[in-house]
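One structure below.
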Amino acid sequence: MIDKHSRKISYLRVSVTDLCNLRCVYCMPAGGSVLSSKEEILSLEEILKLIKHGVSLGVNKIRITGGEPLVRKGITSLIRRISEISGINDIALTTNGVYLKEYAAVLKKSGLSRLNISLDTMREDRFAEITRGGNIADVFDGVEAVLKAGFRGTKMNAVIMRGDNDDEIHDFVKYIMERDIELRFIELMASGWKDMVDEDRFMPTSEIMERVLEVGELVPDKQRVGGGPATIYRIKGALGSIGFISAVSKPFCKTCNRLRLTSDGKLRSCLLSGGDVDIKSILRSSNLGEKEMQDKLTEAFIRATDMKPVVHSGRNSAVMNQIGG
Ligand code: SAM
Ligand code: SF4
């Protein structure tokens, strides 16, 4: 699939649930979001069928996200079945890390390639505040379990918010000095839930980088140039590396190669702008023969690809727990 701006689409991000065990202040309302009913959410078989269809059209990389993907029943068997699809060479999962202590080894066995763990603070009290009740020890234990299980290329995503956690930038860097983890500083984005993200808390990559430079010199990692939206650097003496994702101040749309499948069955062209296609209604239409269904699914993938904007309009916002961030 090639979009109207000559970008080749090979990456599908799949949100398997809108449920979450945490309530991060920038992502979900305190009382939780209005959740889709069980019937509205795609079944594992439906997800698998859509992934296979995507692969037949050129998708070779999958990311599983949510909500919190590890709360979805059957998640490890879904991953195993995805890993058996010929043509897929990378399956990653984004998680808040709370359940990794129990899941890391089985995820490895299931064929998962890589993990992104979201962690916005190194402090117990702050973690409880940002996530509205989480226990940071679970995440630290989860990170160690992932390293012990033998995963390579583990990433840690930290959203930096002025006045909330920007005083911890040095602590994050120290954390990866002795751990083989790619720490990625992420700019805060507007949330689709109204009034949850206040603009004063936004901190651009340029400022975050200045703080990192106080710890040590950053050297661009030549082997990693062009590998996804982050610019990756090495810092002297560190086992880990550091990346910056500037989705707001410097959108990486030019190299965007992805489509998103939401948990309620929409194929979305872009996280922040563009449109979406209701692919679930095609999957569930009982009056289509197999060939007709395959043709309609192909048409849906192509329509979503064609909707991809050349660049997102940064002021828009997304309901992250539904789309998957
Ligand atoms: N629950 C999983 C997790 O937290 O990793 C996966 C889903 S979560 C929506 C995916 C990513 O979106 C997380 O790294 C989270 O920090 C990020 N995210 C959510 N809301 C955000 C916002 N307003 N700005 C920037 N990143 C956000
Ligand atoms: Fe849950 Fe992830 Fe959203 Fe936090 S960022 S509320 S962990 S979905």
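We number each residue from 1, going along the chain as drawn.
Glycine residues also receive a Cβ, built from the backbone N, Cα and C atoms like all the rest.
For Arg13, Arg63, Thr94, Lys155, Arg258, Leu259, Arg260, the entry in TrEMBL reads GTP binding site. Using a 10 Å radius centred on the Cβ of Arg260 (GTP binding site) and all shown protein chains, the other Cβ atoms total 24. For the recorded site, Arg260 (GTP binding site), the DSSP three-state label reads strand.
The [4Fe-4S] cluster 1 binding site annotation in TrEMBL covers Cys20, Cys24, Cys27. Its Cβ taken as reference, Cys20 ([4Fe-4S] cluster 1 binding site) is surrounded by 23 other Cβ atoms within 10 Å in the chains shown. For the recorded site, Cys20 ([4Fe-4S] cluster 1 binding site), the DSSP three-state label reads coil.
Look at TrEMBL and you will find Tyr26, Gly67, Ser118, Met189 tagged as S-adenosyl-L-methionine binding site. Other Cβ atoms within 10 Å of the Cβ of Gly67 (S-adenosyl-L-methionine binding site), summed over all protein chains shown, number 28.
For Cys256 ([4Fe-4S] cluster 2 binding site), the count of additional Cβ atoms within 10 Å of its Cβ stands at 22 [all protein chains shown]. Residues annotated as [4Fe-4S] cluster 2 binding site in TrEMBL: Cys253, Cys256, Cys270.
Summarised as a single figure, the pLDDT of the domain 'Radical SAM core' (4-229) averages 93. If you look up TrEMBL, you'll see 4-229 marked as domain 'Radical SAM core'.
In the shown protein chains, 28 other C-beta atoms lie within 10 A of the C-beta of Leu259 (GTP binding site). When Cβ atoms from all protein chains are considered, those within 10 Å of Met189 (S-adenosyl-L-methionine binding site) total 21, not counting its own. Within 10 Å of Tyr26 (S-adenosyl-L-methionine binding site), counting CA to CA, the binding-site residues Arg13, Thr94, Cys253, Cys256, Arg258, Arg260 contribute nothing.
Residues Thr94, Ser118, Met189, taken from the binding-site residues Thr94, Ser118, Met189, Leu259, Cys270, are distinguished by a CB atom under 6 angstroms from ligand 1. The Cα atom of Gly67 (S-adenosyl-L-methionine binding site) lies nearest to that of Cys20, taking the binding-site residues Cys20, Cys27, Thr94, Cys256, Arg260 as the candidates. Residues Cys20, Cys24, Cys27, Gly67, taken from the binding-site residues Cys20, Cys24, Cys27, Gly67, Lys155, Leu259, are distinguished by a CB atom under 6 angstroms from ligand 2.
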